[in-house]
Each structure stands twice: as C-alpha cells, then as structure tokens.
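What Swiss-Prot annotates here:
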| type | residues | note |
| --- | --- | --- |
| SITE | H8 | site 'Important for activity' |
| ACT_SITE | C12 | active site, nucleophile |
| SITE | R60 | site 'Important for activity' |
| SITE | R94 | site 'Important for activity' |
| SITE | R107 | site 'Important for activity' |
Amino acid sequence: MSNITIYHNPHCGTSRNTLEMIRNSGIEPTVILYLETPPSRDELLKLIADMGISVRALLRKNVEPYEELGLAEDKFTDDQLIDFMLQHPILINRPIVVTPLGTKLCRPSEVVLDILPDAQKAAFTKEDGEKVVDDSGKRLK
C-alpha cells in the first residue's frame, strides 16, 4: 500500500499529468476516483484543513451544479458548500494529493513535485507538450 493518495478524475488532463508525475518518481499511489467514491464529510474537512485553503477555494466553478445552485453568490456557509460538494462531487476541484510531506490541490499539476518524497526518475512532459522535468530528473519550472 502506498503512502501517497491522489483524488483523481481520469477525464481531467491536470489530474492525469499529476498521476503520471507521481509514477515518474517511482511510486504507485493509491488512486481514489472521487467521482465514484467521494470523500466523507470528515475526510473532506480534513483535506481542506491539511491544504490550508478555504472551503470555497476547493469549489470547481466551470461545472453545471456551480451555476445551477448559484454558488457564485457569497451567501452560503462553509457547511452548505461542503453539503453541495458531497451531493455533487464534480464540484470538488482536483487533483488532491496527500503525501507524507503535505496535502495539495495540484493545480497546476507540477505543484505535486513540491510534496513528493522521491525525485523524478526521468524527464516528464505534460500532455500539452510542456516539459516540466528534464532528462536528469530536475524540475524546469
């Protein structure tokens, strides 16, 4: 069992790139397909606290439930926002990665490099062609 967990959406390029950077460090993480298996309320609250971000900062804005529920309005409490995320997991921004070095919302995907315990084993180029790690495993940006 890995000591690294990624809350992953395989339909998201940022999430796929993040997962591949974890694997490029020689680690096979625990992959939680959070749209199929959403975190519990307690798990979600812990992730938010561990990331040191606000509940609203974890909200995904470019999805239907955000518009339909009127979440752009600043009238909802954190508890209400959590309820919406639990009812509509697509509202949870991703990928979230948990390692022994910290928990981060990995947007952009190379943020994961800040919390991986092991160095990159090889060059890494994101799906869009952007080179992030050179041939020696050194971060480029």
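Placement of Cβ uses the backbone N, Cα and C atoms for every residue, glycine included.
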Exercise. Could you state the CA-to-CA distance between the residue listed as 'active site, nucleophile' and R107 (site 'Important for activity') to the nearest Å?
Worked result: 11
Exercise. Given the recorded sites H8, R94, R107, which lie within 10 A of R60 (site 'Important for activity') by CA-CA distance?
Worked result: R94
For this session: Between the Cα atoms of R94 (site 'Important for activity') and H8 (site 'Important for activity'), find the distance and write it as a whole number of Å.
Result: 7
For this session: Mind giving me a neighbour count for H8 (site 'Important for activity')? Other Cβ atoms within 10 Å of its Cβ, every protein chain shown.
Result: 23
Exercise. Same-chain residues six or more away whose CB lies under 8 A from the CB of R107 (site 'Important for activity')?
Worked result: T14, N93, P95
Exercise. Hey, what's the Cβ neighbour count for R94 (site 'Important for activity') at 10 Å?
Worked result: 22
Exercise. Can you count the other CB atoms that lie within 10 A of the CB of R60 (site 'Important for activity')?
Worked result: 18
Seminar exercise, completed: DSSP, reduced to three states, assigns C12 (active site, nucleophile) to coil
